[in-house]
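Here's what TrEMBL has on this protein:
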SIGNAL    1-22  signal peptide
DOMAIN    202-344  domain 'Peptidase M4'
ACT_SITE  E337  active site
DOMAIN    347-495  domain 'Peptidase M4 C-terminal'
ACT_SITE  H423  active site, proton donor
Amino acid sequence: MNKLKIYSFLSSAFIFSMTSQAASKVFIDGNNMHHYLTKNNHSLVGKNSDYQFVLSNKVTLPNGVIKKKYSLYYREIPVFNAMLTSSELNNVENHWYGQMMIDIKKDIPNTIPTVNFKEVLKIAKKNAALKKNDPITNESAQLYVRINENNKAELIYLVSFNVEGYNVQRPYSMVNAHTGEIIASWNGLTTRDAEGPGGNQKTGAYYYGRDYGFLNVSDTCQMTNQDVDTYDMNNQVTGGTIYQFACPSRKTDRPVHNGKAINGAYSPLNDAHYFAGIVLDMYRKWFSLNPLQSKFQVRVHFATNYEGAFWNGQQMTFGDGGAYTYPFTAIDVMAHEVSHGVTEFNSGLLYKGQSGGINEAFSDMAGETAEYYVNAPLGKENDWLGGATIMKNQVAMRYFKNPTLDGMSIDNAKNYNESMDVHHTSGVFNKAFYTLSTTPSWDIRKAFGTFLLANQMYWQPEATFNSAACGVAKAAADLGYEINDVLASFSVVGVDANCNIDDPETGTEIEISNGTIINNIKLVAGDEHRYLIKVPVLNKYPFSYDLLSIQVTDNQNNAKNSAQLYVRYEDGTLKKVLFTGNEYINIKKPAAGNYHILIKGIAANTVNLTAFYGNLQ
């Protein structure tokens, strides 16, 4: 990996020192990063420090703001789950968010691993209980620093490899780099111009070059182009060659591929090759992203009666199905597997626990978005079903609107437990995505773009439902979308997207009375203004006011581009983040208590604050 190291504050390599008893996490959520570091006795010094933040991703938003993600390195070793994101406009970076790890040296004085690369692979392979002749490919053992569940820093290897053959899998292990102890392990195999036929007995037959676009193949009728190579595995589990069919004798005749119908599908090769190109087009045209770091490699006709599809870190592979399914080469399944690659190359969500459910859900969302990419121009509505076209005896594999219809998935975080399969915990984020996509002023493209930006900028490998939802809310704010819609969508599934992180500093508040209008609040980027309004107890029916309304406006009644509004509720015993919004917050039936108002400057402007509670009649 080429690491970009930068050693000045403006270009954002943050070097810091702080005294404590052991390694610890520091959460950042604010504009004035320099002020925070100074307040906590951090120092911004030269390149001799043990710590560096390294630029790992950059996305330019439609409004011209550049989002940057920095990964933390300690003595040249990446630190797990440690990253910061920033917003850059006119070469000034602000709006910092993320977490840092400090005082790692207290727990890891020596970063030279005791266990070497060969030894750790041997440990991981033994743990995977491989068969004697299982072919192994794509071996990897990456060294990391990680803060464990006991808040202690440890040096670990993240080990993975592919097991080819009929026992196909992708074992992952976290191994202590000093003791060789296995910390955790899991299967990371993420499952799921020519003419010719496509489809299956459930979809009905269609024809490429008539019902859909043409198949993009080579002059010699190989299924290859600048973006996609499609391999025929010929029902084997290793090998495979780029598929080639007979070309017409005359160059002026258009090639036609009619072959390899199987298990009720008319040409899985045609479907896979075409849909791979469509998914790539969707990511490029709608989201300005090349989804994978290399040319698409698509493997079709994998094994015999293989009812599944998977991403193994290098290729998308599709089985021919069996008694219960048609071949897996549907557009939503193709987008699903490609998007596991998107997640691997961006947030790196681990395929276990809550992060695994989010990983799986993101790929489900991508599948529905790819369907929308094809359907919307034709005036067709999405079915909100995952894998519907490949199931023989069931309606679908996934149900976005009501995930529990499959009999195994959950649709609310309160029903989650650690023993659940990631395919079933995905229902939580799938339903949140459905809810957001069908909210007025939203659609599937807009919602998926928000989740995608969260994947690129905010999600961490061991994300939880709440932390990942917070990332989606942050992404919505970056894109200028209504944050309250995001919060409401996650509330439906029992997830808190409020980013419940205390401000680094409380600050001095000015108490204001009901109906107060404060004019001419002068803002600059990174500025903070704090106010307090107290909602009293109402001693008569209905015992609460109808509404608490807090608004920030400028002379054009739109402070969206210059201010961010935060409100916290505190009644003396309970502290809860309620909402964050760009211009206004309306809280229905506000509880009695203290409401803390924070206005953060994004850009220079003069704004006004209005705070009112009362009844609507």
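Each residue, glycine too, has its Cβ placed from N, Cα and C.
The highest number of surrounding Cβ atoms within 10 Å, among the active-site residues E337, H423, is found at E337.
Here the C-alpha separation of E337 (active site) and H423 (active site, proton donor) works out to 13 Å. Within the domain 'Peptidase M4 C-terminal' (347-495), the DSSP-based counts of helix, strand and coil residues read 89 helix, 5 strand, 55 coil.
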